[in-house]
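Database features (TrEMBL):
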- 6-135: domain 'EamA' (DOMAIN)
- 145-277: domain 'EamA' (DOMAIN)
- 7-24: transmembrane segment (TRANSMEM)
- 30-53: transmembrane segment (TRANSMEM)
- 65-87: transmembrane segment (TRANSMEM)
- 93-111: transmembrane segment (TRANSMEM)
- 120-138: transmembrane segment (TRANSMEM)
- 144-162: transmembrane segment (TRANSMEM)
- 174-194: transmembrane segment (TRANSMEM)
- 206-223: transmembrane segment (TRANSMEM)
- 235-255: transmembrane segment (TRANSMEM)
- 261-283: transmembrane segment (TRANSMEM)
Amino acid sequence: MNQQRADLMLVLVTAFWGSSYLFMKVGLDALNVFNLIALRFLVAFAITALIFFKWFRTVDRRTLIYSLVQSIMLLGVFVCIMFGMFSTSASKAGFLVSLTVIFVPLFHALIMRRMPEHRVTAGAIISLIGIFLLTGTASIKLGVGDLLCILGAMFNAGYIVLAGRMIKHVRTIAFSIWQMGFTGILALIISFLFEKPHLPGTSAAWISVLGLGILCSAAGYMMQTIAQRFTTSNHAGLIFTLEPVFAALFAYSFTGETLSARGYVGAGLVLLSIAVMEMNVHVLNQSAQKLRLAHFFQKKIKSIHKLPKKI
């Protein structure tokens, strides 16, 4: 798999995650936060462990440790976002969580002790402006919920950066399976301590849990883990900014919600940021050099034709 195909796979993963907002909205009407997280990831764990049973069995100590670390990051992401949304607006939460695109290259630069590529920085800035317009946020006044969403974005960025480093040293499929299992187990333990966990009582709640477990977690995180072996954490972070775009599309398809003119401009900027990130500067430079050479030889040929002919 080359980097372009890996990036396309991450776009599909982002589409799955864009649908998660509808599933979570329905699920939280019937279940508490940790209860929903536990069911989501335990369903994903059971499905992936069954399908990939051979790899599930042959797990080593390093893979288990790395999976546990990533499960803590995942749990932090969803806990911060879900609790944050109780005390802040959905549009502001979407903008703040999408600050992941800024934190990823920042964390990556700190770890690698080098500045991110110019195209990555440019893409991050464009996507941030796009998300600002897409979510319709007019002002930023930080409250407790806002700070929780920012913390969730930081957890998400840390998860992406760590995944990019860890998956090169572990058994990829086993790593993906066990991180979901540990996330579900940790959430279930906390749910028993602070909530009264129970199974969904309605068909809508079951659809929510299964959608989150199968599409958004089992398929999503398996595909992400595989794809990130062939791309960079910076690319992954920027591609994931498409999540609010897909969320808006699903909202329009199933609830009839539409974007304002400002929102459509923002969605276009997010797409533009992905194009900027995917731009192969080396190839563009080579193409420009070839064009300059072609223009040079064309001028030379014209000048030769203009020379007076010898008699």
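Glycine is no exception: its Cβ is also placed from the backbone N, Cα and C atoms.
Unlike curated entries, TrEMBL annotations are predicted automatically.
Long-range contacts of the transmembrane segment (144-162) within its own chain (CB-CB distance under 8 A, at least 6 residues past either end) are made by residues 69-70, 73-74, 76-81, 83-88, 92-93, 96-100, 103-104, 106-108, 111, 228, 233, 236-237, 240. Most Cβ pairs under 8 Å with the transmembrane segment (235-255) belong to 7-24, among the candidate stretches 7-24, 93-111, 206-223. With helix defined as DSSP H, G or I and strand as E or B, the domain 'EamA' (145-277) counts 110 helix, 0 strand, 23 coil.
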